[in-house]
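Here the structure comes first, spelled out in structure tokens, and everything after it is commentary.
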Amino acid sequence: MTLLDVRDLSVRYEPKASRPLDAVQEVSFAIEPGEFVGLIGESGSGKTTLGTALLRLLQRPGRISGGSITFDGTDITALHEDDLRSLRWRDVSTVFQSSMNSLNPVVRVEAQFRDAIEHHSSLRGEAVTRRVRELFDMVIIDPKFMTAFPHELSGGMRQRVNLALALALDPKFILLDEPTTGLDVVVQHSILENVRRLQSEQGFAVLFISHDIGTVLDLSDRILVMYAGRIVEDQSAGALLREPLHPYTKGLLGSYGDPRAETVKITYVPGRPPDLSLDIVGCSFAPRCPERIDLCLEKTPPLEPLNGGRAACHVAALQRRDGGAERFGEPKRGFVGPQFVKTGDESRSALTNEVVLSVEHVSKVFERRRGFTVTRTEAVSDVSFELRRGEVTALVGQSGSGKSTLAKMITGVESPSQGRIVFHGPQGDKLVSGFKGRALRDYRSDVQMVFQDPYSSINPAKRLGYVLSRPLANYQGLRGEQLRERVLELLERVALTPADRFVNRYGYELSGGQRQRVIIAKALAVQPDIIVADEPISSLDVSIRAEVLELLSDLVKESDVGILYITHDLLSARMLSDEVIVLNGGKVVEHGPTLDVIRDPQDDYTRTLLEAIPNPF
Amino acid sequence: MTTETTPLPTPGEDFMAEGEPRQDLAVEQVSDATRPDQWWQVVWSSKKARVGIGIVAVYVVVAVFAPLIAPHDPLDSSFVPLAGPSSTNWLGTTTSGQDIASQLIYGARISLLVGLFAGLIATVIATVIGMISGYAEGTILDDLLSFVTNVALVIPALPLIITLVAYSEVRGIWLIVGVISITSWAGAARAKRAQIITLRNRDFVTAAKFSGEGTWRIVFREIMPNMTSLVAASFVGAATGAIAAEAGLAALGLGDSQSVSWGTMLYQSNAQGAIAQGLWLWVFVPGLVLAILMTAMTFINFGVDLLSNPHLREDA
């Protein structure tokens, strides 16, 4: 019997102040007992709303506006809260997106388990403790942490605890809503392995929501692809990888590449998802679709059975009909969109360029004084490397590996405890060490930074024109018409065209990729010699990451700026960088040309990082 | 949604061909729909705020056009003392033969002036001290400013005001404004300090540093626009408090004896034993208009609350 049956489910948000929108539109799917189903889509596609609706946790102004949800034979679409309560957690449980705050900070972990267990089962006292210990064993956490408070656990441990909590009552169905977002690749990898193992042992069904098609393909039996509130494709993982039906799926698959290849191509889906509060005529993906035909702009494609799965695409359906291949072309596997290519040759020539910054045997020790004892932490120890003009050096490592400390020293905010950093600028060599005031301000015309989170690095109260004009006014003294021209030029430079349409916008009106381009434009404004890019794509949707990588790569080729690319993700390091430095615990464990390091890693730690990259190919 | 469509390929054309990626599809799209409401739209969306704004607007009109609206000079004592309401004296007269209605109308001027200026000055002090000490959190400057704020918080304001006013030579309205503002900024300064501590580590502040901005510009041009709702709410709160404080001082006989305010009306009526003589209107009306004004301003703050907490907008 089907465990979860969703029919024509629609969710509508009706905020008082703005137009109503249908975040989920006529979604139908079923999950069998013990099935592992992945749900992917970019941010804003409605996947979290769908998940929340399945748990009946929607809050005003959202509500289920149509369709039905049947769980294990019971229609829960309109079930009363009191009846839901007995169902929740015992049969249906979840691990939420924000691992950091879904545990009660003032209650010990064991007590939180006890709450859930005692409410739904007859276990009491010592028996509950035994069960919690068992659960801790399942998710591989030392049971001594049972009596800990949530803040005493690391992010990865907290998310394991959440997983254990979800499993506490042997539910039939678990909803995992991006359970590993914000965690390190290595931790992420081990948690997801854990999930998969437990799922096959205990046979619960999972709906796994993620924006990362790589991990979804790795884990799931079947995959639902969601775009603009609708399911556009539903196929088994293998079939989806072999023959994706919907162009959007092709776009998502195209955003992955094999880092080991000599030449890597990744595509991206340009543009942004449609505004769901406006009427959409035809297929909602049509404006971004390279395969669209006239019909796509007129009629919304229904989700129809196709090739053993389901897809909502006119072109895919027409091509697979009798004689369709002749009229509409053979079905294609790839996304015929903009593409970012990186060949091995480019890197080799870049490694001979002129050195612009050298890091020589640098160490950084932090001292923390507590009463009479001083704790010394060595965040960075004896690191040496060089940054060259027109070259990208990637600094790869987990959080806590010393990446950020190194970035702070290179940007002149902190000074090294030992060793030295020398900047070979146009005005001769300059020793970089913890600048203050005027000196720091001057140094920033040589070294600029691109931030991790494009959503918080543009002032929400300022227009883009203002944001971009400030460095120009401060460092080049531009005013008036000249200033405006230069701002427009910068916008054009990062391909935000026509520029005058963007200059009066606010940051929040742009997509993540566009915002990150504004940040890059701002960094370019002072014509720096070095740009430090701190995980510039990690908070972007997979489908648009290549957009930013391509821009950075073009910059390096066109101007002779050197980029220090800080990341935990070896795939993006491969795409962008010519040289890789792998940091572990503040030490350089591997250093060399990117391709060599990735193809033939010498250090165990590099191998662990490489294994953590989901590789569905 | 602004979308520029590229020319559509016709089915005959080999648009599926592998190879040449379609770069021309990379049309930039910007959405208009995500633009949030302007602050005044948000405030206006609350029914309570609309009522409050309406009432305050009436008070402002009355205060501005007092000479045109009031039937008599408020200090003119040529009427029959202790007269009841009539067509000449709408609300009757005082023991010294002054027209109560005219006093009431002119009294709105003092209350609103004090509210506006004391509210403004207190907000400015609170903003400057709160912002600087929050931005400099953990430094000696912060310790110093926090110390000053804490002292201002714990000093009992009313006795201080009374002492200051009682010992001053001239009891003009500006003295009252000054005294009220320097005794009422501390709480708001602490609130702003707390807010800026959460904002100053945002990436956009670091980004502004990388644009070469100076500290003053970062604090007041980059961060402050993100705190408008808090500043606005604290202004309305401070103004309400200042109106109440002025009325209280005047009612205690510490007001400006040269001018007419609702507080001095209350003081006079009390001094002349109005209640004992059954002159209810003389006592009741100034108290009522004060209460209505302060309620209206509190209503406005319900609307301002919606600015900082979007969740409330759904329940408004």
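The backbone N, Cα and C atoms fix where each Cβ goes, glycine too.
Just so you know, TrEMBL annotations are computer predictions that nobody has curated.
Sequence annotations record features per position, and here TrEMBL assigns domain 'ABC transmembrane type-1' to B:108-301.
Sequence-remote contacts of a segment are chain residues at least 6 beyond its ends whose Cβ falls under 8 Å from one of its Cβ atoms, and for the transmembrane segment (B:51-70) they are 43-44, 99, 101-102, 105-106, 108-109, 111-113, 292-293, 295-303. According to TrEMBL, the feature transmembrane segment maps to B:51-70 (among others).
Taken from TrEMBL, the feature transmembrane segment applies to B:110-132 (among others).
Annotated transmembrane segment per TrEMBL: B:144-167 (among others), in sequence order. Sequence-distant neighbours of the transmembrane segment (B:144-167) (same chain, 6+ residues past either end, Cβ-Cβ under 8 Å): 129-130, 132-133, 136, 175-176, 179-180, 183-187, 189-190, 193, 245, 248-249, 252, 254.
Per TrEMBL, the feature transmembrane segment maps to B:173-191 (among others). Panel annotation: around the transmembrane segment (B:173-191), residues 110, 113-114, 117-118, 121-123, 125-127, 129-130, 133, 149-150, 152-153, 155, 157, 160-161, 164-165, 230, 234, 237-238, 241-242, 245-246, 249, 255-256, 259 of the same chain, lying at least six beyond its termini, place a Cβ under 8 Å from a Cβ of the stretch.
The annotation transmembrane segment is assigned in TrEMBL to B:274-304 (among others).
Tertiary neighbourhood of the transmembrane segment (B:110-132): same-chain residues 59-60, 63, 141, 145, 148-149, 173, 176-178, 180-182, 184-193, 195-196, 219-220, 223-224, 231, 234-236, 238-243, 245-247, 256, 259-263, 290, 293, 297, selected by CB-CB distance under 8 Å and a gap of 6+ residues from either end. Here the transmembrane segment (B:274-304) has long-range neighbours at 42-46, 48-56, 59, 82, 85, 91-92, 94-95, 100, 104, 107-108, 111, 115, 229, 232-233, 236-237, 239-240, 243-244, 247, 262-263, 265-266, 316, meaning same-chain residues at least 6 beyond its ends whose C-beta is under 8 angstroms from one of its own.
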